[in-house]
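Peer 1: Handing you this structure, nothing more for now.
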Ligand code: AMP
Ligand code: FE
Ligand code: FE
Ligand code: ZN
C-alpha cells in the first residue's frame, strides 16, 4: 500500500476557496505539486465541496491526495478544530452536522457584518464579493472585505484589529462538542486528528480526562508540528501522544495568500500516513497511476 504513494513531503492540512483559502481546490493541488509535495490533504472548514476537482487535478499532476475536512467543534467558549480524513462524504450524520455548522456560520457572519457596518462602511455584499459560491463563510471573508474597503491592510491586520474579540464585534457560532465530532467522523469511516491543539499554550491543552474519552471514541492523532502550537504546548502534547499511543502529524495549514503558512513547512511521516490510511474505511486516497 505505502509503496503506491509517490515519494516527497506529506502535508495533511490545507484550505481552498471552498472555505477560507484563496485558491480553488484545483489550483491548491497544483501549488502542492509545484512545491514538490508527494502527498497533500485538502481540509476545508466544514465542507467537502473541493474534493472532486482536487481529486481530478491530483490525477492530472501525479501527486497523492488525501480528501479530508477540518470540522468545527466547541467546548464552552473554546473553539476546537478536528481534522477528519478519508471519511464517506455522504455519511448522513456528518452531512447534517456540517450543513448546520455552515448555516450557523453564515448567520453569525451576517450579524458580525451588521455590527461592524454600524461603525465602518461595510455591507454584506462586500463580503459576498470575497466569497466563492457555496463556500464555508468565516472571518477571513469579512477580513478580505475590510481590506478591499481600505479599513484593514491585510487579513492578519483585520484579525489583530476589527475582527479580534476584544474589538467587540466578535460573535461565536454553533459547533458540536469535540466528542460528538469524533463520533461523527468515526461513524463515517474517517480518521480524526485534533488540529493545532496547543495554540493557547501548555495550560490550554486538552485535559487527560477529556483526551482519554476522545481516544476511546476513536481519536487517531494530534497535529503537533504546526506553527501556531507553542513550544511548551508541543512538549505537553508529546507527553500525551506517548501516554495514549496517538499518532503525531505535522502540516502547514496553508490558506494560499490568506496566511503566511507555506506548503510543506511542517510534514507528516510516511509511517503515520500509512497507519492513517489503514485505519480509514470511508474513502480511499487518490493515487497517481
Ligand atoms: P472563524 O472560524 O470564522 O472564526 O475564523 C477563523 C479562521 O480564520 C481560521 O480558520 C484561520 O484560518 C483564520 N485566521 C485566524 N487568524 C488569522 C490571521 N491572523 N490571519 C489570517 N487568517 C486567520
Ligand atoms: Fe481557516
Ligand atoms: Fe484550524
Ligand atoms: Zn485549518
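For all residues, glycine too, the Cβ spot is worked out from N, Cα and C.
Note: TrEMBL annotation is automatic and uncurated.
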Peer 1: Region 'Disordered' per TrEMBL: which of the ranges 1-24, 25-48 is that?
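Peer 2: Of 1-24, 25-48, TrEMBL gives region 'Disordered' for 1-24.
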Peer 1: Suppose you had to name the range TrEMBL annotates as region 'Disordered'; which of 228-250, 251-273 would you pick?
Peer 2: 251-273
Peer 1: Do any residues of this chain, six or more beyond the ends of the region 'Disordered' (251-273), have a C-beta under 8 angstroms from a C-beta of it, and if so which?
Peer 2: 2, 5, 9-17, 20-23, 27-28, 31-32, 35-37, 39-41, 66, 140, 144, 155-156, 195-196, 221, 223, 225-228
Peer 1: When secondary structure is assigned with DSSP, how many helix, strand and coil residues does the domain 'Polymerase/histidinol phosphatase N-terminal' (10-75) contain?
Peer 2: 21 helix, 22 strand, 23 coil
Peer 1: Find the average pLDDT over the domain 'Polymerase/histidinol phosphatase N-terminal' (10-75) in the predicted model and report it.
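Peer 2: Value for the domain 'Polymerase/histidinol phosphatase N-terminal' (10-75), mean pLDDT as a whole number: 98.
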